[in-house]
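These come from TrEMBL:
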| type | residues | note |
| --- | --- | --- |
| SIGNAL | 1-18 | signal peptide |
| REGION | 150-172 | region 'Disordered' |
| REGION | 199-225 | region 'Disordered' |
| COMPBIAS | 208-225 | compositional bias 'Low complexity' |
| DOMAIN | 310-333 | domain 'Glucose-methanol-choline oxidoreductase N-terminal' |
| DOMAIN | 477-491 | domain 'Glucose-methanol-choline oxidoreductase N-terminal' |
Amino acid sequence: MLWRAALAALPFAGYALAQSATQYTDSDTGITFWGITDASHGVTYGYVFPETDTGEFIGEIVAPIATGWAAQSPRGSMLNSILLMAWANGDDVVHSVRFATGYVEPEPMEGPIITVLPSTMVNATHWKWVYRCQNCTTWTGGSIDPDGSGAPAWAFSSEPVDSPADPDTDFSEHTDFGFYGLDFSAAHASQADYDNWAAGGTGGGGSPTTTTTTTTTGPTATATPTPVDYIVVGAGPGGIIAADRLSEAGKDVLLLERGGPSTGETGGTYTAPWAAGSGLTKFDIPGLFETLFNDANSFWWCKDVTTFAGCLVGGGTEVNGALYWYPTDLDFSTANGWPSDWTNHNPYTNKLKQRLPSTDAPSTDGKRYLTQVYDVVGELLKPLGFRSITINDDPNSKDHVYGYSAFDFLDGKRAGPVATYLQTALERENFKLLTYTNALNVVRNGSAITGVRTNDTSIVDGVYTLKPGGRVILSAGTLQTPRLLFRSGIGPSDMITLVQGNAAATPFLPDESDWIDLPVGDNVSDNPSINLVFTHPDVDSYDNWAEVWADPRPEDAEQYLEDQSGVLAAASPRLNFWRAYPGSDGKTRYMQGTARPGAASIDTENDYDINKVFTITCYLSTGITSRGRVGIDAALTARPLVNPWLTDPVDKQVLLTGIKEIVSAIGNVSDLVMITPDNTTTVDDYVNDYDLTAMNSNHWVGSASIGSVVDSHAKVMGTDNLFIVDASILPALPMGNPQGAIMSAAEQAIAKILAL
Ligand SMILES: Cc1cc2nc3c(=O)[nH]c(=O)nc-3n(C[C@H](O)[C@H](O)[C@H](O)COP(=O)(O)OP(=O)(O)OC[C@H]3O[C@@H](n4cnc5c(N)ncnc54)[C@H](O)[C@@H]3O)c2cc1C
Ligand SMILES: *[C@@H]1O[C@H](CO)[C@@H](O)[C@H](O)[C@H]1NC(C)=O
Ligand SMILES: *[C@@H]1O[C@H](CO)[C@@H](O)[C@H](O)[C@H]1NC(C)=O
Ligand SMILES: *[C@@H]1O[C@H](CO)[C@@H](O)[C@H](O)[C@H]1NC(C)=O
Ligand SMILES: *[C@@H]1O[C@H](CO)[C@@H](O)[C@H](O)[C@H]1NC(C)=O
Ligand SMILES: *[C@@H]1O[C@H](CO)[C@@H](O)[C@H](O)[C@H]1NC(C)=O
Ligand SMILES: *[C@@H]1O[C@H](CO)[C@@H](O)[C@H](O)[C@H]1NC(C)=O
Ligand SMILES: *[C@@H]1O[C@H](CO)[C@@H](O)[C@H](O)[C@H]1NC(C)=O
């Protein structure tokens, strides 16, 4: 049996990092690990590193006794990563270090030196494996950076291994797996504690190298910042467009961004070995998109948000697939939840198109590359009545159409708002961008906002202030704008109560009499998406994009470096399609398809040619009725509280109808084979059994919807001068991947704010 490629690369649509690691103390030993407890199986996975890197760590797995086996991989990929696995055999814990170079059972591995520590045990309810792992941070074909961060994986099986007494036993594929964010650089203990634990000792547990202290020592800052007209929080698409248009109108604007540089133009330098010295970073080179999900040094993800969120200049637009759709009239219709004075979006969409035109042929030589998936999927769609169009030439045509994928790339590079709007803002003296500056809350005097509190220790209380009549605009994204509101006493009382209970945040919370009760976080949506995987003899899977970082096809790398042309001048998608479906509730829903070479996950009993694989992702978009809720937990981590996917059975019915229609036409394309689901699984079973969190498309909108949290001037209700300009205010999902609609909404919001 072939193993799923699931751990190889995360889906194009993105896969929710369901959790971030936190520090916990093992009560049996006093060892302070960094890790998670996986909620579905109750297994705890932890790591702790010595004060300075010596290539080792102490790890542990604590699992309920019924667990077949459990394993952890500090580098979250199945291929070329060490896998530390264990299981109980009577009163013993048996362990094994494994390594896989293909999607087959991982083989026992030589190299890591494991010392089982004395707290390893089996009791009536659990088994626990505590071990020292030396020679474990670098291995042939991979490494982790103990001073960086990463996305470790865990794998779990409810089935026992074949021969529990034998460390080299065979076993079948995991029944579940996941990833989580881990800031390795924080997960260190003092050398004295580490040495004690590594020698089998217990106790201690001071962690002097962690940076979670909230008070700063040293002289109190006395500098006061210059007050401005507008403080904009967050340099994603919403915040950049807001800051550019406001500074263009002559306002003094301060843009605060918690992350650092992204593209070369912003001072970024992180790039693939083959592009070193070119000035082109991981974020510039479109063909490196898929590598964002499979890199040990993932500094670009926000670590205190459990979904993927870009924490760097450009926000989501520096880490997204760059699919870019001009909005449709339906996107801004009253039926989609917009106030009537927002429905004429065209003047604002036109402003956006002027600054940031789309392209469906991003290579600088104007040619299209790797078009086989486009050709094959076109043959599949034509008998179903679809016609080919240039999608952004006719945005309102979204029924039975397909076309080449359109992107916000310019000159063969990732562009978006960073290469356009931000550059004009930076030329103005009345505009200032501060990076690595984390906003904590807005400073309120009742309904009036007077400034923004940040972690900047160089100014008094970290507070940036407003001129009289000044305004604050929050643009921190659908998950993080709500956290800023809760920390400012705005939102449902259950969320503000969590802030009140948090030692770092409670001192800055306004009196309860000043709390503003608004449904912040309610009614969010994200497109549910389901992948279908196929093979066709004409297709080139492009090695599933797995080699583009370390070992690209030489002619493609050379061509890209020469003049930003060729395969690497585009992200992975090659074709998009749309179709409208009536629902049994009388509402019309649209399905979007995105087709690309390669696959994130393959599940089949049959043989197939890995070099011929491609994926069609089917998303439900405009008209979708399912909703969820986002918020925070006691640690102030931003997270979904209620998942938004397919909570309405009619949404599920329509998605299933759409998928079945695609599948019905497979026989029209000779040699086209669907391998996931394969011929042993019905489409109904596949959709019914689909892992809900794998439906995440990272397209969250609606946590501060217009009409319920902000008014038609994008002003937070109950405040005098607090505004929101980001994906949070969209009351419902647009027709396609949302950044085009978000940017058009930002243009319109700023026009309305300036007119106030
Ligand atoms: C993996 C992935 C793939 C995607 N693919 C596509 C795609 O192909 N096409 C598409 O249209 N959309 C795509 N999206 C969605 C799209 O990128 C987002 O919808 C869009 O970026 C949201 O814009 P925003 O301005 O609301 O917030 P964001 O882009 O999230 O920007 C928020 C900014 O605020 C900063 N910030 C947050 N909190 C604070 C704080 N307290 N202080 C200071 N700064 C703060 C963040 O660092 C960030 O820079 C994708 C998203 C992801 C994550
Ligand atoms: C460390 O591990 C590698 C394999 O990853 C192995 O080749 C090497 O010999 C090991 N070194 C020691 C000192 O054991
Ligand atoms: C077994 O050990 C685990 C992990 O330390 C602990 O949580 C659990 O309470 C123990 N069970 C019993 C019955 O002692
Ligand atoms: C403020 O927070 C940002 C983002 O977390 C961080 O990079 C920066 O170092 C912090 N600044 C200070 C002074 O701690
Ligand atoms: C708060 O606002 C009131 C008016 O609403 C004003 O009298 C008072 O001076 C303000 N306080 C501060 C600290 O700005
Ligand atoms: C949530 O959406 C439902 C309908 O989809 C609507 O009735 C309700 O008012 C919305 N609530 C908020 C807080 O927007
Ligand atoms: C071709 O597509 C049509 C339209 O869906 C379908 O009815 C027909 O069964 C397909 N033919 C084959 C051979 O699959
Ligand atoms: C499924 O497809 C494989 C080839 O991909 C074939 O060998 C097998 O017989 C098929 N099984 C069924 C039940 O149709």
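Every residue gets a Cβ built from N, Cα and C, even glycine.
DSSP states for the region 'Disordered' (150-172), grouped as helix (H, G, I), strand (E, B) and coil, give 0 helix, 6 strand, 17 coil. Under DSSP, the residues of the domain 'Glucose-methanol-choline oxidoreductase N-terminal' (310-333) split into helix, strand and coil as follows: 7 helix, 3 strand, 14 coil. Secondary structure of the domain 'Glucose-methanol-choline oxidoreductase N-terminal' (477-491) per DSSP, as helix, strand and coil residue counts: 8 helix, 1 strand, 6 coil.
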